[in-house]
Amino acid sequence: MHDIVELRGHSYWDWDPKTPPPFQNFEELEVVIGSLAQSGEGLALLPDRGNGWVIVVPFVIPGEKVKARVYRHNWGYSHADLVEVIEPAANRIADQDVLCKYFSKCAGCQLQHISYADQMKFKRQVVENAFKNYAVSPPLLAKYFADLPPIDPVSQSPIQSQYRTKITPHFEALNPKHQAAGMPQQVQIGFLRAGTRRILDIEECPIATPIVNEGMKVMRAEVQKNIASYKKGATMLLRESNPIIPGTESDDPPKTTKICITNHKDTITEWVGKFRFDYPAGSFFQNNNAILPSLIGYVQQQLHLPLSTTSSIKYLVDAYCGSGLFGITCHEGFKKVLGVEISAASISCASNNLVLNKLSTDTTAFHLDDADKIFAHIDFPSSETALIIDPPRKGCSEEFLDQMVAFLPARVVYVSCNVQTQARDLQGLLDRCVAKGLPGYRVEAIRGFDLFPQTRHVEGVMTLTRL
Ligand SMILES: C[S@@+](CC[C@H](N)C(=O)[O-])C[C@H]1O[C@@H](n2cnc3c(N)ncnc32)[C@H](O)[C@@H]1O
């Protein structure tokens, strides 16, 4: 809605909700795309229809003239399918050069028709809009917003295809009516079809690693062979791992061929730079290994930026620590590191990863707990403590922000796969500081990292310094 309001140029609330959609269902329209929304979809304004109705069309580029078929109407805007690109943008990737033959049919990727340089510009804009739209309440606007730094360019992924180390294809069970009628016993195995809840049959995903695609081939054949035994559909797990042959463990990545794991309970082994991580196949771990060294290098550098005081950072708190990725890779230079995570399987791997990487358990520890209670475990001086926050998409809870303001870490590095909730949490933090009459935080830097090339998603990293 923020993107629609911006294109329309007048407030959402000026809108008369009784305005009916100015179209027949499935009417085809020729429209010119004005902007891209954070969803990666194009927006076209029709100034002469419905008091400035907006059409939302996927797989387009601003400036393009396209034919679109409207199919669902909302308050002031309609969703439409792309029928034809009438006047393509000069920078549109030619159809024959698009990475995946299922692009525009599969719901997984939104941006394969856009050059990588333009994907980076789009994602930078997504980050900028998130902070403009979600971190600007009036008291904060006056006090802090003028001080937000310019949003940095997005850090690119070293590879833009074959990067995903995990995919989760789905399939549905056979239709009993088809079975009864003796129809062919084939099912669709793949990802959701764009704009629907139905499955599109996909035998290969070009953004997944070759090992994961090999695994997909085997899994598809097995599912087709045994499909009659499935009463319900299912979601499969395919995850890349480095096989460790017992007795041959070494400190270096093994030279053996990688394997594809499909059992949620198995353990995955992965190297991030010189660090080894074992983690449960069914638990969270970042899915683009290629970009992790640069993401971690940046987080490390941000943690140690100079403070506003003469103190220096000596302690690290890793909230939502998973299997210990940040706590372990960033431990150097800290007297003590403490991580908290709610998944018992992940925290047990985090503790084991300390041992695997020969870190002292006296100086680095991981606790099983809700991040909302993280500061209950901590006796670090807040003026020498840095906090890494890396929550799930929904961001931090009110309780988490309350305890954070009660503790006031000197440095915060907030990593997020959802820049909208990240921006909202910045507002939540600064609102609390204003309410308590505290000087608050300076935003040092906001930068996107492209953990998800070809898709609309961007990882945000924001650095704060206590004033
Ligand atoms: C985005 S992941 C980040 C994990 C880790 N930092 C990494 O990069 O591998 C978020 C993690 O938060 C954990 N989590 C979710 N809710 C939590 C809570 N209330 N308290 C602590 N951890 C939580 C999830 O289990 C998940 O491991």
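Just so it is clear, glycine is given a Cβ too, placed from its N, Cα and C backbone atoms.
Please treat TrEMBL annotations as automatic predictions, because they have not gone through curation.
Record features, source TrEMBL:
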- Cys417: active site, nucleophile (ACT_SITE)
- Cys417: active site (ACT_SITE)
- Gln286, Tyr320, Glu341, Asp390: S-adenosyl-L-methionine binding site (BINDING)
- 22-84: domain 'TRAM' (DOMAIN)
DSSP three-state assignment (helix, strand or coil) for Gln286 (S-adenosyl-L-methionine binding site): coil
Coarse DSSP state, helix versus strand versus coil, of Glu341 (S-adenosyl-L-methionine binding site): strand
Residue among the binding-site residues Gln286, Tyr320, Glu341 whose Cβ has the most other Cβ atoms within 10 Å: Glu341
Rounded Cα-Cα span from Cys417 (active site, nucleophile) to Tyr320 (S-adenosyl-L-methionine binding site), Å: 13
Additional residues surrounding S-adenosyl-L-methionine, by Cβ distance to the Gln286, Tyr320, Glu341, Asp390 centre under 8 Å: Phe284, Asp318, Ala319, Cys321, Gly322, Leu325, Phe326, Pro391, Val415
Cβ contacts of Cys417 (active site, nucleophile) (under 8 Å, same chain, 6 or more positions away): Arg393, Leu451, His457, Glu459
Within the domain 'TRAM' (22-84), residues counted as helix, strand or coil by DSSP: 0 helix, 34 strand, 29 coil
C-beta crowding around Asp390 (S-adenosyl-L-methionine binding site), within 10 angstroms: 22
Averaged pLDDT, computed only over the residues in the domain 'TRAM' (22-84): 93
Cys417 (active site, nucleophile) in three-state DSSP notation: coil
